[in-house]
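Q: I am attaching a structure below and will ask some questions about it afterwards.
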Amino acid sequence: MIEWTLKKLIGTKNERELKKAHAKVARVNELETRMRALKDEDFVSETNRMRQEIQNGRSLDDLLFEAFAITREAARRVIGQRHYDVQLIGGMFLHEGCIAEMRTGEGKTLTATLPTYLNALSGRGVHVVTVNDYLARRDAEWMGRVYRFLGMTTGCVLHELNDKQRQEAYRSDITYGQNNEFGFDYLRDNMKFRLQDYVQRELNFAIVDEVDSILIDEARTPLIISGPTEDSTDKYYRVDQVIPGLVPDQDYTLDEKHRSVSLTDDGIEKLQKRLGVGNLYDPGEIEMLHHVDQALRAHTLYKRDKDYVVKDGEVVIVDEFTGRQMPGRRWSDGLHQAIEAKEGVKIENENQTLATVSFQNYFRMYSKLAGMTGTADTEAEEFAKIYNLDVRVIPTNRPPIRKDLQDVVYKTEREKFEAVAAEIEELHKNGQPVLVGTVSIAKSEVVASFLKKRGIPHNVLNAKQHQREADIVAQAGRKGAVTISTNMAGRGTDILLGGNAEVLAKASMGPPPEPPTSAPDGQPLDLTAYEAEVAAWEQKFADTKAKLEEQTKKEREEVHTAGGLFIIGTERHESRRVDNQLRGRAGRQGDPGGSRFFLSLEDDLMRIFGSERIQGLMERLGMEEGEVIEHVWLSRAIEGAQKRVEGHNFDIRKNLLEYDDVMNQQRRTIYKLRRQVLAAGAGVPLVEYDEDPKTRIKTRSERTVSWADFRELILDSMEDVIVSLTDTYAPTRGVEGWDIAALQQGVKETFNLEMNFEGVGNREELQEHIYKAAEKVFQARDEEFGENFMRFLQYNYLATIDRLWKDHLLAMDHLRQGIGLRGYGQKDPKQEYKKEGYQGFIQMLSAIKAQFVTQLMHVQPRSASSAAEEAARIQRQLAQQQKKAVEGRATADGKLDEGSVAAAARPAAASRPAVGRNDPCPCGSGRKYKKCHGASEASV
């Protein structure tokens, strides 16, 4: 009651923010007359002036009004589109690092130009992230014209680009690209051996288009770069032969709600006999148990033509949200191989993880993050908790008039599709365009077959090609058009009532003439004929488009009269947001339109999550075969089921993030160390962002790492190794209890030094004695061989980091797979994972230093030139290893299924790991341990 009263008195937070934004819009509008008076050539000089002001210390906020006003005028002149006031508001919210919820057709692409231009003035780059290559290319070309007019450079990161082309794209003021490309480039950069070869700059500001799709729907999809292992694939075939003989409910139990499957005692006994295994749960058979678990999941949980398709002898994953095929992606942990065995296609070797990051943690690394979508408000809590992002709802430019009708529910799926086909037939006769949304490729084909029987012409969009997908969706608003699509296919493309004249003209004309690539007999290229061809093509295109505009204008009026675009949903999705996205395709910019969902009791949501409440409602309402039920109670009950599923999925994503946060901290520490080593002597500024864990505020630092800094890093590593040795063999302060013989042997093996410890009275003297001897040897070699020796050590350090980090990733994979079983021992798996993961990481850091120092002290270059040759050899070897890594691939499912069977977990390490004095302090302060908690412990 109090909350309701306060909202009435002072308004909601969204209303208050809108009120503030309207005042700013008035200031932008005041500058419009001045901007209209500018000559075309003045725009670049205005951009240069604002850039200089930022260099002189003026803030981006101070320049917002000018930047927005000049961008609006540039867009008006170049592409004939002037930003509406609501788009200015959206741009302001994006600049503040919020998510702007803007309904479909309100011009998100144009809105993004405002904060993009403003933030690009800083010179640190802006990334505009889209859901596919087609949209990235389209928006970069379309909006790039505006940016170029303003004197800004624009790049586009596409899958087919090489490293040099990627560098150029990232060096641009504004870079467009697909989310996977940005994430994989980050991982690949952190596997390189020269800072100059990095393609990405600092992660300054990102605007994520369709932010809900990327940060929520794909949050369970980690990006993984991997290399093949040598494991045999025979076990997959062997296990696959026995799984089909298992009987449901008798040999295994299936839980569709939690997507888990588990063997019964009968099933275990049956499999042990058929596989010739004494006890599947014997530690020696843990690998076989893992294969059984994955094969069982492959046969029971993963369905052909729903979760994947078989194409050209390969299993290709189908995106559960868009219905798009995702070639190149593979399920992890042997699941993909189990499905390949099930389908009888060639089984590819499993891959070992070389580098991995989740979308959640990649995008949280940006100094500032913002997003746009038509549907975010239902997930506002998740955006706030995980990404620290506020959702701001932007009002529409014109009042929406779409009519959303009550759901209708049938008893069987067949009755439902009959009703859908009958409804489409009626709408089609009236000339009203219809967009039918389905949840899978298989369901699209079912709807198509019902329409075919009735002789209704239609287009089926199975999302195989983004360009064709966009063209078909663009024409879905034509008179009488019927388009069947998975729920989100063609997202990012406006559906214009009456059709899109430009797309129609391009379809009838074909592509423009290709430029000549060579001239005969080595003569210089003569482009006169080509330019004439292009001019003729452009003229013909303009004429064709003009004729088609007349046609589409007439059609638009007819479609308006018929009621606009009508959306038919054939099933409720697990998320209300995805349903809202489908509905949002109709009624853009104040157009008429309507929507209705047709459901059945056999739909997955109703069957798995509907609960007894919906079934009870049906019985009370007296549902008979062939009868349809339409009631507000039913719609509320279905929405309640969706809310429960959304909560369940949010918990899964949150759980995944909590596990991934452990790896994220380790990854950032290793990559930071790696960059410090790489930066030594490179002359390239090292830019880093440190985040306060409480406020999440990021601070930027920039420095150059010299060879002197690298020498200090080496000496710090020596110091830590010495402390570790003395902790092991001389644990007491006094000489009592020291194992002198073992210590001498340890110093000999590690430092290649024969040492006598007579006269050393305590542990501090002992450490100093060893350190001075090792430092003397190191400095002598450094003075003799100079920079070549440093470069040799640099590549050795990198090789050691990469080798042990790869082993650590494998160990963490094994730990993660088995950690769920700790719950049976009354231990919290998450806390156990954090504890053991941290112990393993500290041990890995110690091993990196120990192995590097051992190599350093045992190597003896013959000359400076031999040190240089050895450094070059190691660099070539490392580069070759990197090339062998599989081109970035993404696993399709990163969540822990509740019924997954564990692989062998790594044994627990010591209860309290030895933290190196020069390691980052475990408290998270970012300072070295010896200068933080290590200092207080030393004084005790």
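Just so it is clear, glycine is given a Cβ too, placed from its N, Cα and C backbone atoms.
Pulled these features from Swiss-Prot for this protein:
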- Gln87, Gly105, Glu106, Gly107, Lys108, Thr109, Asp494: ATP binding site (BINDING)
- Cys921, Cys923, Cys932, His933: Zn(2+) binding site (BINDING)
- 884-898: compositional bias 'Basic and acidic residues' (COMPBIAS)
- 900-915: compositional bias 'Low complexity' (COMPBIAS)
- 879-940: region 'Disordered' (REGION)
Q: Tell me, if you would, which residue among Gly105, Gly107 (binding-site residues) has the fewest other CB atoms within 10 Å in the structure shown?
A: Gly107
Q: Considering each pair of residues in Gln87, Gly105, Glu106, Gly107, Lys108, Thr109, Asp494, all listed as binding ATP, report the largest CA to CA distance in Å, no decimals.
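A: If we measure all Cα pairs in Gln87, Gly105, Glu106, Gly107, Lys108, Thr109, Asp494, the largest is 17 Å.
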Q: Can you give me the same-chain residues 6 or more apart in sequence from Lys108 (ATP binding site) with a CB-CB distance under 8 Å?
A: Gly90, Ala100, Met102, Asp209, Met372, Thr373, Gly374
Q: Within 10 angstroms of the C-beta of Glu106 (ATP binding site), what count of other C-beta atoms is obtained when all protein chains are considered?
A: 24
Q: Here are the binding-site residues: Gln87, Thr109. Which has the lowest count of other Cβ atoms within 10 Å?
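A: Per-residue Cβ counts within 10 Å for the binding-site residues Gln87, Thr109 bottom out at Thr109.
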Q: So what sits near Asp494 (ATP binding site) in its own chain, CB-to-CB under 8 Å and at least six residues off in sequence?
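A: Within the chain, Asp494 (ATP binding site) has Cβ neighbours under 8 Å at Thr104, Gly105, Ala474, Asn500, Arg588.
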Q: Whose Cβ lies within 8 Å of the mean position of the Cβ atoms of Gln87, Gly105, Glu106, Gly107, Lys108, Thr109, Asp494, the ATP site, other than those residues?
A: Met102, Thr104, Leu110, Thr111
Q: Which of the three DSSP states, helix, strand or coil, fits Glu106 (ATP binding site)?
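A: It is coil.
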Q: Give the helix, strand or coil assignment DSSP yields for Asp494 (ATP binding site).
A: coil
